[in-house]
Amino acid sequence: MFNQKIIEQASGKLTGSLTKSSSLVSIEKERDACGVGFIADVNNIANHKIVVQALEALTCMEHRGACSADRDSGDGAGITTAIPWNLFQSGLKDKGIIIQKNESIGVGMLFLPTSKLQESKKIIENVLKEENLEVVGWRLVPTVEEVLGKQAYLNKPHVEQMFCRSSNLSKNELEQQLFLVRKKIERYIGINGKEWAHEFYVCSLSCYTIVYKGMMRSAVLGQFYQDLYHSEYTSSFAIYHRRFSTNTMPKWPLAQPMRFISHNGEINTLLGNLNWMRSREPLLKSPIWKNRIDELKPITNKDNSDSANLDAAVELLIASGRSAEEALMILVPEAFQNQPEFNKNTEISDFYEYYSGLQEPWDGPALVVFTDGKVIGATLDRNGLRPARYVITKDNLVIVSSESGVVQVEPSNIKSKGRLGPGQMISVDIISHKILNNKEIKTSVAGKTPYGDLLKESRQILGHQAFFSEQQVESKKLMQLQTAFGYTNEDVELVIEHMASQGKEPTFCMGDDIPLAILSEKSHILYDYFKQRFAQVTNPAIDPLRESLVMSLTIQIGHKSNLLDDQPVLAKHIKLDSPIINEGELNAILESKLSCAHINTIFKVEKGPNDFKKQIEQLCESASQAILSGNNILILSDKNDILESEKVSIPPLLAAGAVHHHLINKGLRQDASIIIETAQCWSTHHFACLIGYGASAICPYLAFETARHWWSNPKTKMLMSKGRLPACNIQEAQANYKKAVEAGLLKILSKMGISLLSSYHGAQIFEILGLGSEVVNFAFKGTTSQIGGLSMEELGQETVNIHSKAFSQVKTKKLANYGFVQYRPGGEYHINNPEMSKALHQAVRGYNPEYYNSYQRLLQNRPPTALRDLLKLKSNKQPIAIDKVESMENILHKFCTGGMSLGALSRETHETLAIAMNRIGGKSNSGEGGEDPVRFKVLNDVNESGNSDLLPHLKGLRNGDTASSAIKQIASGRFGVTPEYLMNAKQLEIKIAQGAKPGEGGQLPGKKISPYIATLRKCKPGVPLISPPPHHDIYSIEDLSQLIFDLHQINPTAKISVKLVSEIGIGTIAAGVAKGNADIIQISGHDGGTGASPLSSIKHAGSPWELGLSEVHQLLAENQLRDRVTLRVDGGLRTGSDIVLAAIMGAEEFGFGTIAMIATGCIMARICHTNKCPVGVATQREELRARFSGVPEALVNFFLFIGNEVREILASLGYKSLDEITGQNHLLIKNTDIELAKTRGIELNSLININTHTWTKFNSVHTNGPVMDDDILAIPEINDAIKLENEVAKHFKIANTNRTVGTRLSGVIAQKYGNEGFKGLIKLNFYGSAGQSFGAFLASGVNLKLMGEANDYVGKGMNGGSIIIVPPAGTTYEDNNQVIIGNTCLYGATGGYLFAQGQAGERFAVRNSLAKSVVEGVGDHACEYMTGGTIVVLGKAGRNVGAGMTGGLAYFLDEENKFIERVNSEIVKVQRVITKAGEQQLKNLIENHSAKTGSLKAHNILENWNTYLPQFWQVVPPSEANIEETNTAYSSNTITAY
């Protein structure tokens, strides 16, 4: 035991964070990730070795987990095995208890409250007695508490096992009975022990399996639970799990495995899944449960984690008679719509199609390992976003794990090796002694029932109906309708008309600089109070354009059937290919066999806003009555023949949400679908909101009518005739609009990492800004609304205000333009207005304090725009003299510029910003796109005119200046990220998201790719460059931790920052980032600028930094993590007052983007996305760049003004430094002098009056600890080779725990020689299983050879050298059919060679720039976003080859003639090798591969060249179409015949 002093110390330091939950965090916001796997003996031979191997495997994945604030208490580790009867028998014998073989006995592994031990055991025993089960006995689990970390120890439950038996039930019957028993126990304890119920938890209660787990590190699990290393603890299988949680509050029950599953990943759709499961409960029936089904409810629990809830859903299905494999197929389905293999196995797609109408997918990155004690298996999510490698041995072991090499197997004992692909499953049936692959499992499950016949009987597919070909209302009435429903001129011209013309969403630039809807004096429609949420860190966004094969907008409407039916029956329903339906399609639904109720959503104004809620309640009652009358489609419609001033439409979002939740509460939600027929829906955000709150389909009749009027306008037809607009007919215009909305919807889904509309439907993945609890609880229950806002009455009044404008006495010929998007005099206030910009330009160009004071006054006297405008400062201290305040220099060091890329900005602007920031000791940020090495030099040749030959295009220079950005960004495209780039940084920023478009990637158009930009980005001029929505090496929190490790590895002196965007739940994400060893966390507000972004993203994604920063600071402080990181904030900072307020909320550093550009010369023309910037700031056109007049001095002056203002405010508050006020929220009070036009219901409690925590300021750089590269660099011969540029060769053993090998060595070389200068040769030979990121950022002159296998990210960012990977000696399996390297290899590689004698995983060569490689098979998405280099694949390829590929060449051997269907042909074309140059390029690489690896496959191809050459395909993007390797017109030698 710990001694008392240690316990007291731990209590003093930690108890506050352990016993009090954060005000800003709940379990729903907690995120986790992990390492997971299983070992199973196919022959079901139980032995102790399997348990020991599982514990060792767990230890080998310790790096995938994390620890609590004490750095010792693990976030969780655990193991599931068969029940070790021999061990228990010997222990129970001492108590006189004998267990007979094959007796029906269950074992409960229990966490019991130490203070209520006897009370809880009494409840358990009473329930068992009620259920006619005998309590055989109790067993205290032997534990060693000393090995626990402090937090884990302080929160340790009492761990005891309970044995019970049945005299009349079979084992399977007892297993089902124990499910009922557990639910009953939990319910009784919830009623009788409310105060301590949270301390009670059933790890497992089964007659087949048992779970040992807890809040501990991997190595501690077997030390704590003494049973696990007992020789009599035998099992034929073991599942193991190591957890990485974003939260540090110790929760023993959240450790995994759960009762049936272990889960690595995150369920993005959790809230929707919970809502739908609750709504599904009234329908649940099963003969197994007879009349006791209600005792199982609730099935899920919003207070549990996503993994626990998925486990509960799996448990329900298994206990109700489904196999474990079938349960997972139903809940986590494969992407079946675009699978060529299913064309021959339609029964599988029929199965998935059938269940898509009953159960929405639990969507998100997931490797799920599962067992019911009879079958052990694993399945991967539809996108394949988690790694899963397997080995099958000759002695019949199956090993599946997140990483290869965690279980040691002799090479000669390996029968086969592989990986699970997207949506695939593997299982081991230990009863029938079978290993089942994906096809066998799914064919077996799907073949049991004729699902195709059931679909034919019950499903109607809604065919496309023609759009109206004529206008339905006259122009005058149209404008009145548009006004009544809240349209503005911008909505029509910038949104609807653009979409009708172009078929895509409008793009805009800069950011959202108008007041939040709740702060605005102008009326806003309800949608404007909702902000879209998005994926960052804990799960990835998806690319809806390049990965459309996994996405679908399909939805089914009608009555839902019972999920538990043992004889499947599907209710009549209609399948829609899209939730956006036109008037004809709505009529077709009305005329279908389904019963439809048309419910009007008009309320009468004469009763006043007071009656608003009552009339919506009447609407809800009408909906439930319609269902009880037999209707299974509810059409909520605001369509009225006559528009009247006294009859106002209930906002459709309010109507949808209110009816949706009302029906859930009444138990009727599954009986009908909701369709919205509305005029008030036109932007993609509107559609997303309606679907998110329960609508299955929307008919936006007024938007379609607006498109028809636009097409009919003579001006439109004239522009079409002149070619200034694309020509289309009236129906095509409406189709274009619909197409744009659908594409926008897919983007909104994908930015949250969701693939299917059915998973987004009802998921409520939004954050509310400006609605009070009355409104939220009524119609949007479960959605976070942190700041309160409008009451029902106030919302009713705003609704009436919008409607009444349609009946104004003032007659106009055009719709009102309030300037919500573009600044206009008299319109909505924009912070970035001409008056402000002019004052700032005048202030900084000559350091004029008078003009700065004018600038300051303009911002101080603005209308309330941001949340901070509602606050004011209050200090109990006396003011001090300004000379007592910290120096200007100290303050300036805390300033940074935002990450603005060279490419979006001109070279002149980018370098001017960097020079200015270096002068003041601040930090500029490179943004994405690399940096010219010339900028790393210090200027010493500046003449009296301020010019330098080194940077001749700049003005106002000084000797000693440097244009190197102190912060180098690593974004998803990895453009220009080389070893030299990384080594010339003081900080390395991982950009996860951008404030103006979080969850989205980017695209730099070809017209901005000048020769200079192309050189930096390692691509060809004029070729568009795509930055993926996610980092393809960050799909989870432990992946981010790995990238942080990689960057600390190459440059151990640089701090690593992670840029996040403010949203609800960011605190838990930040906690995970801090635990992942980041040095800096940056929180960006929603109002940050951008060079180009969809308009709907600028307006509707992200939240204010005030909320995000406060949440992050508070949660980190409460969880003892605040001293691990520096917090930086950006997004609309413009004054010293902003800096002080941000510091009080927790910020220590401050980023400036838009305002820094304005100070440097930007005039806010807001045309950045066009490449036509009139002042040369945001363009690559040379004639426009020549107009750039900015000099570093102007930006220096701006920051001097800001710094001086900060010092003045600090002095007035009585504080000497920013550090003294950091996180001191008590200095903020609500400014009661400000009265908002709309409400007095704003609540700022999350920003003010918060407990102040103390912490030690973080200054140092985190380290990776001892690593293999340190040992390599400690070898004198290696050092000599670097110093003298000699050749040296060394040999090493390697394990999966040796990560990022070769990278620190590469950093040392790049620091000394740059990317190209090293002329020596360092050969390193390894034997074993390499950890992640083997050879990442490899430098020229370093050759790595591995005899064994490697995990994910091989060659990530490599710039030179070579990586050769071959199977170990003694292998007898066929090399080319085995997986030898993991996922996402060669990501962002800028050079070098990779030869792998085996298959690669998913996303091979993603965003490859210049590397060349040969591998012998690849998974899905090979060569995605590739911009250069050459890839050869000598084996099978997965789907979606070449998606987003704009450069480079790839050759694929197609022996089965199936390759063409696997190519994404949106950009690339596929052809045979038709020129001698192409043939020679291919042959040379294969010859190299053969020579380097000894590949038999390569040797055979070369020996039979004329036979194999015709079987190769060449994948050619447009940029490579006219070169000698691809085009006979450019080649002197062509291949005329084979």
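Each Cβ is built from the backbone N, Cα and C atoms, and glycine gets one as well.
Some features that Swiss-Prot has for this protein:
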- Cys34: active site, for GATase activity (ACT_SITE)
- 34-431: domain 'Glutamine amidotransferase type-2' (DOMAIN)
- 1109-1166: FMN binding site (BINDING)
- Cys1162, Cys1168, Cys1173: [3Fe-4S] cluster binding site (BINDING)
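Everything Swiss-Prot records as a feature, shown here on the structure.
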residue	record	DSSP (3 states)
Cys34	active site, for GATase activity	strand
Leu1109	FMN binding site	helix
Ala1117	FMN binding site	helix
Val1125	FMN binding site	coil
Leu1133	FMN binding site	coil
Leu1141	FMN binding site	helix
Glu1149	FMN binding site	strand
Ala1165	FMN binding site	coil
Cys1173	[3Fe-4S] cluster binding site	coil
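Counting neighbouring Cβ atoms within 10 Å of each of the recorded positions (Cys34, Ala1117, Met1157, Cys1168, Cys1173), the lowest count belongs to Ala1117. Contacts of Leu1141 (FMN binding site) defined by a Cβ separation under 8 A and a same-chain sequence distance of 6+ are given as Arg868, Leu871, Leu873, Glu1106, Leu1228, in order along the sequence. Each of the binding-site residues Leu1109, Val1125, Cys1162, Ala1165 was assessed for Cβ neighbours inside 10 Å, and the highest tally belongs to Leu1109. Leu1133 (FMN binding site) sits 20 Å from Cys1168 ([3Fe-4S] cluster binding site), counting Cα to Cα. Considering only the recorded positions Cys34, Cys1162, Cys1168, Cys1173, Ala1117 (FMN binding site) has Cys34 as its nearest partner by CA-CA distance. For Glu1149 (FMN binding site), the same-chain residues 6+ apart in sequence whose C-beta sits under 8 angstroms from its C-beta are Lys894, Phe895, Cys896, Ile1080, Thr1126, Leu1127, Arg1128, Val1129. Candidate recorded positions: Cys34, Cys1162, Cys1168, Cys1173. Nearest to Val1125 (FMN binding site) by Cα distance: Cys34. Each residue contributes its Cα atom, and for Ala1165 (FMN binding site) and Cys1173 ([3Fe-4S] cluster binding site) those atoms are 7 Å apart. The Cβ neighbour count for Leu1133 (FMN binding site), using a 10 Å radius over every protein chain in view, is 26. Averaged across the domain 'Glutamine amidotransferase type-2' (34-431), pLDDT for the predicted model comes to 94. Rounded to a whole number, the C-alpha distance linking Cys1162 ([3Fe-4S] cluster binding site) with Leu1109 (FMN binding site) is 28 angstrom. Put simply, of the binding-site residues Leu1109, Met1157, Cys1168, Cys1173, the one whose Cα is nearest the Cα of the residue listed as 'active site, for GATase activity' is Leu1109. A distance of 33 Å separates the Cα atom of Leu1109 (FMN binding site) from that of Cys1173 ([3Fe-4S] cluster binding site).
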